Amino acid sequence: MIWLYSLSGALLVSLVSLVGLGALLIKQKTLSHITFFLLSLAAGVLLGDAFFHLFPHALEHSHSLQTSAILTVSGILLFFFFEKLIRRYAHTHHQTHSSDDEHFGNASSPIAQMSIIGDTIHNFIDGMIIGASFLISPAVGWGTLIAILAHELPQEFGDIGALVYGGYSIKKAAFINFLCALSVFPGVLLILAFGTFIERSATILLPFSAGSFIYIATGNIMPELNKETSTNKQIIQIIGIVLGLCFMYFIGLLEEVEKVHVH
């Protein structure tokens with residue numbers, strides 16, 4: 001069942017990549033409102049999964065608050081360094097091709113290439129997190145999958161938009177984005193292939209995954225939300241974040257009820 005759950009989760013993540021294609025058919029103003037709220041919701045879901053779901057499970061496995069805290073911070077820092085490397089490559093690549101791609105008028109432009117590279121690596125890591133979570137328990141797996149899907153949904157809007165802006169046609173951008181999303185499968189399969197080792201490494205993987213979610217929420221999403229100055233939209237942001245937090249807290253409560261029934 002672990003393989004079925006994990007691969008089903010990977011399939012869902014891949015299919016979400018096609019949502020961005022439909023987004024291009026929506027009016028820009030409407031799309032802006034949808035993406036805006038989904039980003040706020042995603043921030044809450046990611047933080048909720050990290051603090052209400054992954055971190056408590058990490059403590060159950062390690063029985064050491066200090067160890068879990070160090071590994072969580074390590075996850076945050078690793079994703080921070082990873083983003084630095086991506087941005088550094090993008091800057092260097094842009095300088096090298098500045099004369100040809102000044103207006104981003106073709107598919108070899110830095111914005112298109114970095115979108116492809118970054119999205120492929122990101123989905124591969126998501127696959128590893130999904131596989132590891134389901135190995136620990138179905139409840140942890142589904143909770144983590146929900147957090148990943150919540151983050152992927154608004155991100156896919158931007159991914160296809162970046163490819164189209166980079167010079168690809170809408171159809172080709174959607175196809176390439178879908179291919180990038182398929183990298184979630186190798187990530188899942190890699191983890192499942194080393195299942196016994198991964199299960200023993202739950203002490204490391206759970207807080208590390210929590211750290212990655214915390215970084216995505218606070219390092220990527222919230223800075224974007226802070227650019228909004230409208231009072232009404234700021235209120236909507238808070239509502240979205242709180243809803244996301246409450247949703248993941250509710251899932252955590254259901255999991256506790258399930259444990260009581262099992263025992």
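Glycine is treated like the rest: Cβ placed from N, Cα and C.
TrEMBL labels come from automatic prediction, so no person has curated them.
Per TrEMBL, the feature transmembrane segment maps to 6-26 (among others).
Annotation source TrEMBL lists transmembrane segment at 33-52 (among others).
Taken from TrEMBL, the feature transmembrane segment applies to 64-82 (among others). Same-chain neighbours of the transmembrane segment (64-82): 50, 55, 58, 121, 203-204, 206-212, 214-216, 219, counting only residues six or more beyond its ends whose CB sits under 8 Å from a CB of the stretch.
What TrEMBL records for 175-198 (among others) is transmembrane segment.
If you look up TrEMBL, you'll see 204-223 (among others) marked as transmembrane segment.
Taken from TrEMBL, the feature transmembrane segment covers 235-254 (among others).
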Q | Residues from the same chain, set at least six apart from the ends of the transmembrane segment (235-254), whose C-beta lies under 8 A from its own | A | 36-49, 52-53, 56, 142-143, 146-147, 150, 225, 228
Q: Give residue numbers and ranges for long-range contacts of the transmembrane segment (175-198): same chain, 6 or more residues beyond its ends, CB-CB under 8 A.
A: 2-3, 6-7, 9-10, 13-14, 16-18, 20, 116, 119-121, 123-132, 135, 156, 159-160, 163, 168, 205
